[in-house]
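Here is what TrEMBL says about this protein:
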- 59-78: transmembrane segment (TRANSMEM)
- 84-103: transmembrane segment (TRANSMEM)
- 237-255: transmembrane segment (TRANSMEM)
- 275-302: transmembrane segment (TRANSMEM)
- 309-332: transmembrane segment (TRANSMEM)
- 383-406: transmembrane segment (TRANSMEM)
- 445-465: transmembrane segment (TRANSMEM)
- 471-494: transmembrane segment (TRANSMEM)
- 555-578: transmembrane segment (TRANSMEM)
- 625-643: transmembrane segment (TRANSMEM)
- 650-666: transmembrane segment (TRANSMEM)
- 700-722: transmembrane segment (TRANSMEM)
Amino acid sequence: MLDLHSAEVTLKNATCLQVVISDIEKHRDLIENDSPYPEVRAVVDPTDDPDISANTFRAWFLGMIATIVFTGVNQFFTLRYPTIIIYSIVAQLLSYPCGVFMARTLPTRQWNLFGWKFTLNPGPFNQKEHMLITVMSNVSFGGTNGTAYVTYIFQVLKAKSFYNLTSLYDQAGFQILITLSTQLLGYGCAGVVRRFLVYPPSMIYPKCLSTIALNKALHSDEGRERVHGWKISRYRFFMYCFIGMFIYYWFPGYIFQALSYFNWMNWIAPDNVKLALICGTITGLGLNPLPTFDWNIVYALYDPIIYPFYALANIGIGTILGAFCVIAPIYFSNVWKTAYFPIISNDVFDDTGNTYNVTRVLNSKGEFDLEGYEGYSQPYLTAGYSVMFFFFFAMYLATIVHVALYNRREIMKGFRALWKWASAREEHEDVHNRLMKRYKEVPEWWYLAVLAVSFVFGCIGVAKYDTGMPIWGIVFAIILCLVLQIPYGMVYAITNSEVTNNVIAEFIGGYAIPGKPVANLLFKSFGYIACAQSIQFVADLKLGHYMKIPPRVMFSAQLVATIVGAFVSLGVNVWALANIEDVCSTTQPNKFTCASARDFYTSSVIWGAIGPRRLFGSGQIYNPLLYGFLVGALLPVPFYFITKWRPRSCLRYVYIPLVFYGICNIAPYNVTYAWCPMVVGFIFNYWIKRRWQAWWEKYAYVFTTAMSCGVAISAIIIFFAVEYKEVDLNWWGNEVSYAGCDNDGCALLAIPEGGKI
């Protein structure tokens, strides 16, 4: 009897051992033949057909058309408020039927031009050429600004309501050199860090995966296999969601706008100041469990399906803690006299409670006027805006320290390969790197050549013309980019959270070049855009890596589209500023008021003319905010050692840079913009992903892409069909959200009788 029992136990142990061995073999095969990351496996095929070409006439023709048309439209509407930005997802969607049409109609004849054989129609419109069109769109108009960043500076220089420095603006060479330099500087830096940010399989780039999901939905000819009872194809699922959102968005976007800012608690008492400050969705902190029914609000800052749930949780917790444990106590205690202003506005105020009149602290040359400043007022920041600066300072150092602690092995691996001058892809043997080995790499000296040319252009642009900016400012921008793009890029690649240099560039520029606002604008542009562009270019390189587009084709497409887009932005900007009457004036009849350029102008005066010394220097009112640097440098360290001590602790999910990142968006946004994506992200990326992973892998990215496309196309049509023509629907559903203190930004305290605080 005992022998039988022992034999049964032995048999069970052997069976369990076989199961374990089988699981190990499956995992090994998965690592060797596919990505170890389910997000990547969901949309990226572990195969490649080298006979499918991306470098086709169709790709270049449609890519250039999209670059020229959409860049021009975006640039034109940067001058108008309300504005519209056409993102690359629109070009990706619209180029598909155009590509299919060209595949059906263009001749298939092979042409011979000086020994070079080519055809206008190599066959069906394929995913590689479609993605190449998307990449061209990304680099030319697909960024946050939708156009060349530096054109805002030219608007500030030209407009009579700003600096009116026509002597500098009228120099065509200055505009061309600065535009090309700022647009290409980051591109030169991007190629140097491919071994750190492109080839490691752990650098997944969630946003790239949603872009690929749309491609796959449009191109794949999949079977009718069931996934948890669903047998609908990706394409059909995309079309249903896209059409549904396209129709629905007319309600929060035009017909019933209260669905967008659903500040229902403020409807009860619209003039209650404290209620608006705490619960307001527009200008308050946003304490509202049901703040919106508008997908455009839900994914405005953080796409809830693209972001990993742990990232959304860190951002959401950071935003909530920042709002109610930091900003609210500061505001209601009237620290730094913040209670006399709106709670989270990103405007700057004077001692009368009005928006800061920057013209009163400038002389006729557009430089700082000390006498005018002393006779006026120091600048005052709101509670949300001041706290934002503290956590920006903290986030910068926290990002560097966090990446140094958690990702140092990947960084050292890249540097070892760089020291050996080895091929960047030889260090990584995952399936995608193996498949890409059949294509020639772009030599790093190509990128360094682009970096050198853009550097020379920038030096000539700032030295030859009267800008007030020293050449070392460009050197600093390159060094800042080379130092920070690896930690920033890793955070973006893993969490989809983009850390930018805009605040630190303004801060350093204000100290380094005091009293010169135009120089500060240029310093900020070089310091910010080099790193931001570099990370976006690297993300596109990863997109090409996933789609098996030859690297040299990617290099050509990115470079050409960037240059063409730069000249289109510049040309449209020059034409608009010369031909639109009274442009950039607040009373311009067609609303070409240059709202974004006005922010640049104010920022240049605050940081460049007045300068950070008068705000953050020793003994100044906002000096304590500099402790953010210390907090950011120290706080990641204990969490790192706790996770080493307790690897299974829930604290392993704490990502300090993301906690700070959430607070950094608190002005002028609020808790609404973090709470909504956190809830949706919990549903999709935690609950559904854990219970029905196969469904999530097939449909999740398609869903968010379809929703975004529906909003984008619907918003474009609404803008041109009704908003641009000022066809308004005036009824309760479009007015109730904008009535009372939540819309007006009421302050807690009234200005004293003397008229000054």
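Backbone N, Cα and C define each Cβ position, glycine as well.
Automated prediction, rather than curation, is the source of TrEMBL annotations.
As the structure is a computational prediction, the values presented were derived from the model and not from experiment.
Contact between the transmembrane segment (650-666) and the transmembrane segment (237-255) does not hold: fewer than three of their C-beta pairs are under 8 Å, each pair 6 or more apart in sequence.
Most Cβ pairs under 8 Å with the transmembrane segment (700-722) belong to 237-255, among the candidate stretches 237-255, 445-465, 555-578. If you look at the transmembrane segment (59-78), the same-chain residues 6 or more away from its ends with a CB under 8 A from one of its CBs are 84-86, 90-91, 94-95, 98-99, 102, 129-130, 132-133, 135-137, 140-141, 145-148, 151-152, 155, 557, 561, 564-565, 568-569, 571-573, 576, 594, 596-597.
Counting Cβ pairs under 8 Å to the transmembrane segment (237-255), the stretch among 275-302, 309-332, 471-494, 555-578 with the most such contacts is 275-302.
Through the fold, the transmembrane segment (471-494) approaches residues 181, 185-186, 189-190, 192-193, 196-197, 202-205, 308, 399-400, 402-404, 407, 410-411, 451, 455, 458-459, 462-463, 500-501, 505, 508-509, 512-513, 519, 522-523, 526-527, 530-531, 534-535, 538-539, 542, 657-658 of its own chain, all at least 6 residues removed from its boundaries and within a Cβ separation under 8 Å.
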